[in-house]
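For 585-595, 698-711, the entry in TrEMBL reads compositional bias 'Low complexity'. Positions annotated as compositional bias 'Basic and acidic residues' by TrEMBL: 811-827, 837-851. Residues annotated as domain 'RanBP2-type' in TrEMBL: 63-92. Annotation comment: TrEMBL describes 216-495 as domain 'Alpha-type protein kinase'. The region 'Disordered' annotation in TrEMBL covers 583-617, 685-732, 811-851.
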Amino acid sequence: MRARREPLRCLRADHPPGFYAPALAEAVRLAELGASVLDPTACTTVLFFSDGRPSDKPCDIPGAGAWVCARCTWRNAADELQCVSCASSRLDEYGGDHERWQRTRLLPHLAAQLEELCALLDYDKRRLQWHSIGLGKEEEFVVLRSMTEALPRDIGHFNCCTLDARSLARGVSSVSSSLTQSRLASSTTKYRRPLRAVFLNQFEGRFTRYPRAKIYKAPPPGEFGAPNELLGEADIEIADGAFGHGGERNVFAMRFVTRTTFTKVTADSRGRQQRAVEFEAKPGEQWVVKEDKHARVNDSFEIETHDKSLVCQVTAGNLAQNFNAATAQLGGDIPRLKYLEAFLITTEIPSKRILFTERRLEADFQKWNTNNGIVLRAERPLGSGDGSSDEGRIRTEHVPQAFSHWTLADNENGVDYEDSDGRARRGRLLVCDIQGCYAATRRELVLNDPVIHSQSGEIEANMFGLTDHGSRGIMLFMKSHVCNPLCAALGLPPNTLFEEEKTAAFARSSRETSELTVLASEHCAKRGRERGIPKRQMQAAKKHGEKVVQADGRLKAKLPDYAGQGPVAYVSDASERVGVTAFRPGVPDLSSSSSGGDGGSAPFSSPPPPGPPVAAAVEPRRAFSPVQGSIHSRLDALEEHAFDSGGGDRRVEARGIASRLAALEAALMEADALSGADVAVSARGEQAEQAGGGEWLGGASSSDAAGPSTAADKKERRVRKKEQRRKKEAEEAAVLAEHFQKAEDEAKSKLEAVAGTVGSVAGAVGSVAGAALMGTALGTAAFGIGAHSLASGVLAAPGEGARLFGAQLRRREAENERKKELEERRAKRERKKLLEKKRIERAGDRREEIR
């Protein structure tokens, strides 16, 4: 904790509380430092608190330059507030008006800093949320409000809280809501919505009756564009307080007042009328209703949100039934999957509410995987023991993961849509976020709240709701999914996209599989690449190595050996969260002439390696020349000694480093002759980093030692990072398409083999039925009929899927065009208002100057 408080104390010592510009500069600096390690999908939230007007003065604005006193024309330095000749204040050039100086000089400077912060995060509201919170009277925060309004509307938010508990609670709740909404923004409005007022974990036993509530059912698969079907009306009671909540909805207990049954009359194949029960509820049953956490934009938007949830749950339920039919053919006691039936309820009295309802789970809640690629593994399998004899046995925990894989791999599962050119496309879908409970007596997994990722193109970006992440969500699952025995039994294609280092599976602890996260700094990652130390080996050292606390608070972990690859040492900060560097102990001595050096003396010697040389056990990722290998060995030994010493006197360390630079210079000259100029440039980069002395030993990256970069360099880096991100997304989409194409080719080859077999059997039957010539003719005809029937069956399955969302996509396309036009009109009105406001302000400034 000491290391965390020091930067705050330094900031307060240099700039007392109330200074806006230094605080913004610190935020920009932190954004630059974290830009290389931030997840592109993560959102950064900045909270800017203020208790009054800013205390910034003209000398606090960098680059203000010298100023000339209006009275005596004496030229003063930038950091002088008063004229050295007549003692007049610098604000005299603004007529002593401090507020005018804030509007004309301070606000543009703060706006420029905010623009730089937004540029670091690509002006994306999903990556940056800014909250300005004023604690006091609203008239004290004119500068804070103006500064926030300079940000885009969906990024900057201003809240003024008076010093009472209710106002503070309201402001904190608004910020908490934004933290959740930053990744779940409304696909319709793109703006934040205020939270509903709700009692959480209070008044759960107090119920309010809602008479004649209307109950709707989602249309069957193939008619998802149609409106919901009204089943009837019933009296219900809903708890006044919520007993739980998620990222988007609050959960309340609900019960029916009387026994409620809805039936539907249908005609069978013979024309006789049959009554089928569509809905049945008893007074003693426990139900739950889920309501949007945010205030209603309009009724149609809230109904659309619940409609997508209904479509998602009904689709997952139908896929689960098909999956059960596929696993039943395998035999054995494989648990079945069942999704709870969901409905939509609307009330009018005593208040108007739109609710999503389903039965309450009857056992303890459990989660098997999530919607962002994380696979959760039970500590104890739900089926039986997990010994070595169960290695190839299908266990209960295999079923949810295999179901997700099956929904993606089976060709009959999918959605049909039209691309931007109007061509028909078929996209795949994946059911994930498998959660619910396990009914052991029935051998059944009862599930709810699924998430479906779909490749539905740009027309319907969120076909299955806000949690539909499309191809990116599918790729995250594929990178973390490990095929299990049930996947193999179902004949699913093997997952060739799995990446061991990117998986987020929570495995059991062992020496061989270390799942600890290593957040490596730029310096640490660079050293790992140069020395052939993979992240997996750093994780093993961090978890299982012998740990030693250095004098400067850092932690070094030494691992004697990892999978026969030799020793490794990993150095992290005091919190063990950020990696500083990684190296291999026991490298050749700096003063050793056999290592390719010039035989220069050194004030310390590295210990001899305990086993075989590291170079023989680990093959570096890059091929080094003998001179380059010698340079890197020397750097390893230097770094090991520096961290073994634990900091100490920086001047002594600097002298020790300087005494070794001469030996490195000789090796660099030899590298120029043998390996070319590029080797010399690379080694000189290492030398420049060493020349930082104590700064480098403190764990600073090479970019810090190089000094502040220019604005052009920062812009170029941002453009390069954006291009790399786009290229990576395109490569992932291409790899995903190639993976699916291979699976489809294999399926087609199997179908062709089956068609040939059917034709051969038909020909044999035809030849036995009559004469040889007649049998041949019949056999040929039978082969043609069999092949035609098989092809028709293969083509009929996608045709059935084409009706799944066709009507909905055509209707939504027109609706999206209308919403887009409304948004453009609204934006045009906002721009006109802003221009008018600026014009009025400029006119006021001119009047002030004339006065």
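Glycine is treated like the rest: Cβ placed from N, Cα and C.
Helix, strand and coil counts from DSSP across the compositional bias 'Basic and acidic residues' (837-851) read 14 helix, 0 strand, 1 coil. Taken residue by residue, the compositional bias 'Basic and acidic residues' (811-827) breaks down under DSSP into 17 helix, 0 strand, 0 coil. Beyond the compositional bias 'Basic and acidic residues' (837-851), the same-chain residues lying 6 or more positions past its ends with a Cβ under 8 Å from any Cβ of the stretch are 100, 103-104. Mean pLDDT for the domain 'Alpha-type protein kinase' (216-495) in this predicted model: 80.
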